[in-house]
Amino acid sequence: MSGLFVSFEGVDGVGKTTQVERLRAYLEAQGRTVVVTREPGGTVLGKAIRQLLLHGVDGGAVDIAPRAEALLFAADRAQHVAETIRPALERGEVVITDRYLDSSLAYQAGGRELTPEEIRSLSMWATNNLLPDRTYLLDMDPALSHNRLEHAEDRMESAGSDFQSRTRQAFLDLAAAEPNRFHVIDASQSIEQVWSAIEADIQTLLRDNVADVDTVMARSGASTGAVTMGGVR
């Protein structure tokens, strides 16, 4: 794949949607084709699953068992990768997703107290081992981010302060375990300060991505040349 895959993570209210749109505009201004998507709900199937996950069955408050919840997220993600993410990457496009598998690891393994090994194994199977090139973790105290919410709470957002605190810590633990993929940004800063940190990092990431593609093409050309010369001989 020659595309670029970027995900945004963090507890609710940290400003992911705002920064996703800033990044989209920035990349499109540079002539890149950008696909913006989200989890759950990035496909038609995903929208139906999102309704169940965030609002319950028929909008009711019946709780979903942790294992059932994890399987629903995995089903959404499997369809998301197959239908939207992987095809776009294969076309050489940039994919930006508002949440990906790290949300499952943080919310289900951290917040819901399932084991990280269970959730990671399920998520990697569902995505056929597809990980983002960069994950921006917008970090903020949930007590502060909660005050930013401008809509009625969904099932996840109303889970309580202890759940949100465990989820935040789970995100930070994930970032510490994969420092080459994660870029942690203090989301309590202004929108412009957060964007400046993302902009500086994405410039480096784009340069590295172009260099990697050039290397692959050079190797491919050398290999093709060797075959041609062999045929002449």
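Note: Cβ is positioned from N, Cα and C throughout, glycine not excepted.
These numbers come from a predicted model, not from an experiment.
Summarising the annotation, Swiss-Prot assigns ATP binding site to GLY10, VAL11, ASP12, GLY13, VAL14, GLY15, LYS16, THR17 and lists sequence analysis as the type of evidence.
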Neighbour count (Cβ, 10 Å) for GLY13 (ATP binding site): 19
Packing count at THR17 (ATP binding site) (other Cβ atoms within 10 Å of its Cβ): 12
Listed in sequence order, residues with CB under 8 A of VAL11 (ATP binding site) and six or more positions away: MET140, PRO142, SER145, GLN164, THR167, ARG168, PHE171
Candidate with the highest Cβ count within 10 Å, taken from the binding-site residues GLY10, GLY15: GLY10
Neighbouring C-beta atoms (10 Å sphere around the C-beta of LYS16 (ATP binding site)): 22
Number of Cβ atoms other than its own within 10 Å, given for VAL14 (ATP binding site): 27
